[in-house]
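Asks: Below is a structure I'd like to ask you about.
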Amino acid sequence: SRWGDGQRHREERRRGSETLEPPSGTGVYGPEESQQVVFGDVCPLLTSLIDGYNVCIMAYGQTGCGKSYTMLGPHSKEERIPPWGPHSDLGIMPRAAAELFRLIAENPSRRLQVDLSIVEVYNNNIFDLLAKARGMAASGCRREALTTKDARREVPLLTREPVHSAEDFVALAAGSLRLRAELATLVHARSSRSHLIITATLTRGPAAGGSPADQQAERPPLEGRPASGSRGGASCGRAPAGSPGAQQLKEQVHAKLQLVDLAGSECAGVSGVTGSALRETSFINRSLAALADVLGALSERRGHIPYRNSQLTHFLQDVLGGDAKLLVMLCVSPCRKHVAETLRCLGFGARAKQVQRGQASGGSPAPRKPR
């Protein structure tokens with residue numbers, strides 16, 4: 001059956017449900033449980049996002065095990081995300097978009113605005129897919145994550161498009177996802193060759209009749225920053241619709257949501273890749289190892305966190321450390337021949353679970369202002 005077939009993934013979970021035990025204290029989804037049930041455990045994180053926490057939801061696992069299905073839902077070659085509307089197999093991304101805008105509509109006094117950016121990390125290079133979707137040459141879509149003096153991560157010239165509804169969110173994402181690097185291998189007919197990161201940045205809109213000084217004073221601080229960062233507000237350029245890059249004017253960020261569909265870990269001997277595809281596999285596995293190293297350093301509360309060992313971890317710096325909220329969806333193969341990779345995946349989950357949220361200094365995070 002084609003990739004994205006929900007019945008296929010339910011059947012795979014059924015066949016593999018009796019062989020291995022997950023890390024204690026984690027949620028396990030049975031073969032008959034729907035995407036809606038899975039999203040039920042994700043949904044509370046959207047409330048934390050509205051409250052000012054940075055949130056990251058990522059899918060991790062071996063290639064061909066259902067990460068894109070979990071994050072995006074079923075798709076065919078012509079249609080990467082199902083049409084908007086009631087759909088039992090909608091993934092986390094469209095459901096999160098719907099919940100985000102529902103929460104924003106519940107309290108319009110917050111004046112929250114949403115900007116969307118979409119990148120892929122391919123061969124340890126960051127590519128702006130929104131810029132690429134406008135026809136920009138690949139060389140002009142390359143971006144680089146930088147660390148500011150106060151230990152925050154910024155990506156100069158990254159395109160950010162304002163979105164005003166869940167439908168706009170999903171449509172913009174669907175257009176960019178067609179440009180993601182893919183390749184047919186012996187394991188997967190449409191193997192993702194890059195890490196996909198969809199970032200929704202929440203900012204506060206101007207108050208009606210308020211002065212710029214008043215607007216600046218009432219904006220909340222950015223929460224969930226890297227542990228080594230200061231507690232002051234973060235600033236970043238806002239790219240106007242229709243053009244990449246950032247304006248010189250600075251704005252206060254309320255919080256960020258990052259939805260991450262990681263490329264799958266891969267054994268070249270099993271997937272049968274050679275040449276440039278083998279090089280892609282090497283970069284994928286090295287970046288996943290760097291992500292595991294960062295989580296290990298955070299769980300052991302080391303003084304140095306190696307974010308900059310990979311463009312993937314550097315880009316995700318704001319949502320891996322500090323008091324950000326991180327949820328990892330582990331997607332594993334039911335096949336006995338992949339048991340070593342499955343155990344490695346469960347070990348990654350156990351490491352992520354050991355990460356304690358909060359500042360590296362051990363102090364309590366500054367209390368949030370009532371909103």
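All residue numbers here begin at 1 and follow the chain in the order shown.
Glycine is no exception: its Cβ is also placed from the backbone N, Cα and C atoms.
All annotation found in TrEMBL is predicted automatically rather than curated by experts.
For reference, TrEMBL lists these features for the protein:
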type	residues	note
BINDING	GLY61, GLN62, THR63, GLY64, CYS65, GLY66, LYS67, SER68	ATP binding site
COMPBIAS	1-18	compositional bias 'Basic and acidic residues'
COMPBIAS	236-246	compositional bias 'Low complexity'
DOMAIN	1-355	domain 'Kinesin motor'
REGION	1-31	region 'Disordered'
REGION	203-248	region 'Disordered'
Asks: Which one of these binding-site residues has the most other Cβ atoms within 10 Å of its own Cβ: GLN62, SER68?
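Replies: Max Cβ neighbours within 10 Å, all protein chains included: SER68.
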Asks: Within 10 angstroms of the C-beta of THR63 (ATP binding site), what count of other C-beta atoms is obtained when all protein chains are considered?
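Replies: A 10 Å sphere around the Cβ of THR63 (ATP binding site) contains 23 other Cβ atoms.
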Asks: Quick one: among the binding-site residues GLY64, CYS65, GLY66, which has the most Cβ atoms sitting within 10 Å of its own Cβ?
Replies: CYS65
Asks: What mean pLDDT score does the domain 'Kinesin motor' (1-355) have in the model?
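Replies: When the pLDDT values over the domain 'Kinesin motor' (1-355) are averaged, the result is 78.
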